[in-house]
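These come from TrEMBL:
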type: COMPBIAS; residues: 642-668; note: compositional bias 'Basic and acidic residues'
type: DOMAIN; residues: 22-626; note: domain 'Major facilitator superfamily (MFS) profile'
type: DOMAIN; residues: 432-487; note: domain 'Kazal-like'
type: REGION; residues: 631-668; note: region 'Disordered'
type: TRANSMEM; residues: 21-40; note: transmembrane segment
type: TRANSMEM; residues: 60-80; note: transmembrane segment
type: TRANSMEM; residues: 87-105; note: transmembrane segment
type: TRANSMEM; residues: 195-222; note: transmembrane segment
type: TRANSMEM; residues: 242-266; note: transmembrane segment
type: TRANSMEM; residues: 316-338; note: transmembrane segment
type: TRANSMEM; residues: 353-375; note: transmembrane segment
type: TRANSMEM; residues: 387-408; note: transmembrane segment
type: TRANSMEM; residues: 511-535; note: transmembrane segment
type: TRANSMEM; residues: 547-568; note: transmembrane segment
type: TRANSMEM; residues: 599-622; note: transmembrane segment
Amino acid sequence: MGETEKRIETHRIRCLSKLKMFLLAITCAYVSKTLSGSYMNSMLTQIERQFNIPTSLVGFINGSFEIGNLLLIIFVSYFGTKLHRPIMIGVGCVVMGLGCFLQSLPHFLMDRYEYESTVSVSGNLSSNSFLCMENGTQSFKPTEDPSECVKEVKSLMWVYVLVGNIIRGIGETPIMPLGISYIEDFAKSENSPLYIGFIETGAIIGPLIGLSLASFCANVYVDTGSVNTDDLTITPTDTRWVGAWWFGFLVCAGVNVLTAIPFFVLPKTLPKEGLEDIAEAVNNDKEEKQSEVRKKSVGITKDFLPFMKSLLCNPVYMLFILISVLQFNAFVNMISFMPKYLEQHYGKSASDAIFLIGIYNLPPICIGYIVGGLIMKKFKITVIQAAHIGCWLSLIEYLLYFLCFLMICDNSSVAGITTSYERVPQDLHVENVILADCNMDCNCPTKIWDPVCGNDGLSYMSACLAGCETSSGTGINMVFQNCSCIQTPGNSSAVLGLCDKGQDCSMMLQYFLILSVVSSFIYSLSAIPGYMVLLRCIKPEEKSLGVGLHAFCTRVLAGIPAPIYFGALVDSTCLHWGTLKCGESGACRIYDSTNFRYIYLGLPAALRGSSYIPAFLILIILRKHRLPEESASSETMLEAKFTGKENEGKETDQNSKVLNDDELKTKL
C-alpha cells in the first residue's frame, strides 16, 4: 500500500512538473512571438522611410503577417490536436526565426541610405553652395539620368520584408490555438484562467522587451559604422531619420529559435491536473482510450464538418466573433500607428514614442491580466458573470477613451505649408504657396524637405526657402544667417530641424499618456473574463477548432485589411511628400495633425462603439439560458464520471440546450 501511494505521489510530481514546464515554455513562446510582433509594429515608420513607400503599403506589409497566419490557422487548429502539439509549436518558433532573419536581409543587399537634403554634409563650404544663390540648387533637382532611376528600383527590397513577415505569420500559427488548448485540456478548470493569465502576461513582457529594443534601434542611425554620424544633418526627431531597424530583426530571429528547444522534449499528452488521486482509474481506461484514438485517427477529418456546423450554430460564439472583429479593427489600427501618431501630433522622435508606449501602456496591461486571472480563479466566476465583467469594464474604458479628443496639439507652423510667411494660417486643402517675395529670386528647390527653424519660431522647408545666405558650423550644429524671410529684429538666423511644439503640447502628451495607463489597466481586466466566455461557450472537443476559427475570422476581417485602409486614410492627411531622385513621391514628411487625430481616434471609436450591440445580445442570450447552480467541483464531477454516478437523464436534458450547459458546467 505504501508503494502504491509513493508511486501515485511520484506520478503527481512528474505530471505537475511537465505541465509547469509546458506553461513556462509556452509563456516564453508568447514572449518571443510578441517580441517580434511589437518590434515589427514599432519599426513601420523606419521601414516606410528606408524604402520611401506610402503608409498604405506599409500597412499591407504589416498585414502580411496575418496572411501567413491565415494560410494555416484552420488546418493547425483542427488537425493540431490530433498531432504532437508541443513539437508543432517548436517548429513554428523556428519558422518565425527564419522569417525575422529574412526581414533583415535588405539592409545587407542595399546601398547606404540617402536622405533628401539641400545642405552639403560637409557644411560651411561656401555661401553659394546650397543657400539662396543661383547655382546652389542644381545638384538637388530631380535627375533624369536613367541609371539613377534604375538604381532606385532597389527600393523593391521591401518585398523581402513582406515575405519575411508572411513566413513569420506562418510560424506563429500553432502557438496560440495549440498552446491554449493544451493548457485547457490538462489543467484544472479553476486553474486554467490563472494559467492563461500568466501566458497573456508573457504576451505583455514580449512587447515590453520588443519596444525597448525598438527604442534603442530607432535611436541608432541605420548605417552606423559605415558612415560618419558627425556629418549627418538630421536627428532622430527628423521625419527623414531611419534607425537601425535591421538589427532588431536579427535579435528576434535568435530569440525565436532558442525558444523552440524545450518543446521538442515535452510529451504529446498529460493526465488531467488534479486527477492524480484517481490515477489507477485513468490507467485502467488507458488502453480503451488509446484504441479509441486509433479509430478516430483513421477518419481524422470526419468530425470537421459537424464541428463547424455546431460552431456556426452557436449564437454566443458567433456574436463573440463579431465583437472580436470590430474590436480588432480598432486596436490593430491604434497599436500599429501609435508611434506615428505620437511623432506627428506631439512632435516626439520615433525612439521616444516607442519608449513611452512601452513604459506607460504595457505594465498596467500586464497587471490587469494577472489580476483578471486571479479574480476568475478565486471567486470561481461563471460564464454569465465573466460576460458581465468583460462587457461593463470594457464599456467604462470606452467612455474614458473620449477624453483623448481633448488632448490636442496644433499643426507645426511651416511657412508655405500650414501657414503663410506672414504667419497667417493657410487653407490646407488648396495648393500650397511655397514661394514668397522674400525667396522668389533664390531659385530654391520647392519639393525638397530639409526643414529649418527660424529664430522667429516659424519653420521653413529649407534654409534656401528661408532666404538664408550664409552658414557656419558642420553637421547638425550648422547655423544659417542673414535669412531674408525671417522677420526678427537684428540678425535673422535658423537651425536645422522643425521648431519645437512647445510646453503646452508636452503637457497634453502627459495627459494622453496618463489616460492611456488607466484605460489599458481597465481594458486588460476585462480581457481574461472575455476570453473565458469564448472558451466555455463551446464543447471541449470543438475547443481547438473554435479558437482557430475565431483567430481566422479576426485575421481575415481585421488583421489584414485594417492596416491597409487605415494607412490609406492616414496618407490622405499628408501635406508634403518626400521626393526621390527621379522626381517621384517618397514617404510623407508632414501630416495635417488635426485630420490625423480625427482619423486615429475617431475611426476606432466608431468601430468599438458598434461592438457593444452584439455584446449586449450575448448578455441577453446567457440570461435566457441561465446555467444551473455549480454545486459540485470539477474534480467531483470527473470522479463521478469514472464511477458511473452521473445522472444520464440530466446530462441528456442539459445537452439539448443551445449553449450546451452541461459542457459549460463541467469546464467551470
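Glycine is no exception: its Cβ is also placed from the backbone N, Cα and C atoms.
Of the Cβ pairs linking the transmembrane segment (316-338) with the transmembrane segment (195-222) and spaced 6 or more residues apart, fewer than 3 are under 8 Å, so the two regions do not touch. Contact between the transmembrane segment (511-535) and the transmembrane segment (195-222) is present: at least three CB pairs lie under 8 Å, with pairs separated by 6 or more positions in sequence. Contact between the transmembrane segment (242-266) and the transmembrane segment (195-222) is supported by 3 or more Cβ pairs under 8 Å, counting only residues 6 or more apart in sequence. Helix first, then strand, then coil: DSSP counts for the domain 'Kazal-like' (432-487) stand at 6 helix, 11 strand, 39 coil.
Sequence-distant contacts of the transmembrane segment (547-568) (same chain, at least 6 residues past either end, Cβ-Cβ under 8 Å): 54-60, 62-63, 65-67, 69-70, 73-74, 76-78, 176-177, 180-181, 308, 311, 317, 320-321, 324-325, 328-329, 332-333, 336-337, 534-535, 599, 603. Same-chain residues lying 6+ beyond the ends of the transmembrane segment (87-105) with a Cβ under 8 Å from its Cβ atoms: 26, 29, 32-33, 36, 40, 68, 76, 80, 160-161, 163-175, 178-179, 246-247, 249-250, 252-257, 259-264. Panel annotation: around the transmembrane segment (195-222), residues 23, 26-39, 42-43, 46, 50, 107, 113, 179-180, 183, 187, 229, 232, 236, 241-248, 251-252, 349-352, 354-355, 357-358, 362-363, 365-366, 369-370, 372-374, 376, 527-528, 531 of the same chain, lying at least six beyond its termini, place a Cβ under 8 Å from a Cβ of the stretch. Outside the transmembrane segment (60-80) by six or more residues, the chain places 37, 40-41, 44, 47, 88, 99, 158, 161-162, 165-174, 177-178, 181, 300, 304, 307, 336, 544-545, 547-549, 551-552, 555-556, 559-564, 567 with a CB less than 8 A from a CB of the stretch.
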